[in-house]
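The structure under discussion appears below in the form of structure tokens.
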């Protein structure tokens, strides 16, 4: 080991070998992991190769500049947010493991940067950047610039990721960081909806020229500015090319400096994960105002706890935000694309109604506190009703909002009353089936993983949610039939009747569902506790 | 035997105590698949005492306490708390007991104070009374400084203390604590002890499980020894200890672990390098 020589050029090979050994040993641990790694590696490389070919094929196209700039910018964005969502992705990324070694910061940063270049991710990125450079490099000058620009852009991506990770190590190893990681799946899911929509819009508007104004800004932002420099050199504007290269180079320097500073701070101060937790003395939470508005007794107490959990518990919060976001995105996007209907607004109600399912699983094994306080069917009824009320507090206004937004976007206000009526009937049916399913088909939600069902309980979860939705649809059938009949028979003047009828019908079914669920809950308390405690 | 004992107390009705036992367990069984966790135990725990349920890991202590407190349904048997059947008369039982289970979560995304407020109101106490009691409990248990912190950020000792506070809030007659001192630092342990001693002095009953004999010996006046799902002995500390020098030795004798010394098999161990 030449570690003591304090020389970056000597240290770098040591770290690169360390990284390779870590990858190799990680693979040796299990066959499944090996298979997964090889599969993902092959797929990533295949994709990278195709992308490389595609980008080269793009050469000469009038939109080549725009596409390459945006691709590189997106890639850089990916590298920036990745450490926040996958904090434990790379062990060499954890500088706290190197604290006991006699290393100076500067050589260490160099060596860590070199080690970071090893892996599928960097190789994939290299393919993309190389392809982009080839696509836009016209002329000898551009090729010279590209030789500098490609490694520069790659290094900026990696340094960006490392600097963000080092700056946030404290956060990422704390409880808050783990909470954030649970929420990450949600960001990806919602983000995917937008990307999907954006791609559709692009396809419809018939061209990439819509993106040109964005590219004009991005060409000055590192590391895309390095690729922009290749394009500028190809067009003969060498001054602009040098400036763009310089922007990326200076950024790389700043990032490395920031990374080094975070490293020094991390390695010379005690681990703050416990300190940070204890100093955070929360002030009296905003629940005070809400407490005075909620009714006394079990109803208000349970509602307040449910609402606090919707906000503070990462799993519950993720479920709520997904429902709220998807519930709005689906009807709104369909309306935007012009082939929607106001009836799509019921989607939001359905998504939020699903929160009523597996109520006690959401409590985790803390359900024992509820168990000890329920000694009669009446208690169980009040408990379930309070949870339904908490749900209604959000769902009712949201249903009205989504329906109004969808109707407004489609300019179809006449359908508003009937859709709200049907949504309320659906909501009542979901609350009813949800409370019965909570009592009879409870399952655990593991708290420390991204999974939403404990191993072995997938069948119960499937039966609970799918069965519940089918039964909800059947329960709503009378209202749906009435709506169809009014439409078919031409009684459009009476369609508003669906609003009061739907509201009354929904309330009636919800009440009946709670009445059916309450004795089942009260009689099965120990069984429910066992079912929700396995995760 | 139990009947006789009961008649005796009934006969001396004019005497000091006529109260029924705090907990009476008859023929309690629990099986998990092939494994028998609790194999037909009978227990009679006197009221107003500090009672220790001791046994090695896996003896069935947690399973027994879970069944006694209504958290787990027994396969067979009867449990009465203060003369009320746990499974037939939950209204009477649940208001009379306080429980601190082991290995189950609390509502950790509430602050310590919010957790007590939730727990007390759920049990039907008026809001103002809950807040008053919560403030006092947090003070006595040395949690006042952390009352607005989320329970998820609490240490093991703090969790045990906030769990104890939640179990005491409605002033139960019988308190069941599963391993209340497990993983607790000495300072917190002393605080918990102080609160529990004050509580039993007022005539209430504490039943707690532990595998630390010294602790049980110093705290309890009544002991039940469990091993492999059965009760091996029960009675006052002096009765269970018998002729043995300590509860530890009496316990080892009861579960048949005495005399299992290493013998000659490790004769190379220690005594200089060889």
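Glycine is no exception: its Cβ is also placed from the backbone N, Cα and C atoms.
As stated in TrEMBL, the feature transmembrane segment covers range A:140-160 out of the listed A:140-160, A:203-223. Annotated range for transmembrane segment in TrEMBL, selecting from A:13-31, A:241-259: A:241-259. Segment annotation: TrEMBL labels transmembrane segment over residues A:494-514 (candidates A:494-514, A:515-535). For the ranges A:107-134, A:275-302, the feature annotated in TrEMBL as transmembrane segment maps to A:107-134. Distant neighbours of the transmembrane segment (A:494-514): 381, 384-385, 388, 414, 417-418, 420-429, 431-436, 475, 478-479, 482-483, 486-487; these residues of the same chain sit at least 6 beyond its ends, with a Cβ under 8 Å from one of its Cβ atoms. Proximity of distant same-chain residues to the transmembrane segment (A:140-160), defined by a Cβ-Cβ separation under 8 Å and at least 6 residues beyond the stretch ends, is recorded for 72, 75-76, 79-80, 113, 116-117, 122, 125-126, 129-130, 133-134, 222-224, 226-227, 229-234, 236, 238, 241, 245, 248-249, 251-252, 255-256, 259. No contact links the transmembrane segment (A:35-58) to the transmembrane segment (A:458-488), because fewer than 3 Cβ pairs that are 6 or more residues apart lie under 8 A.
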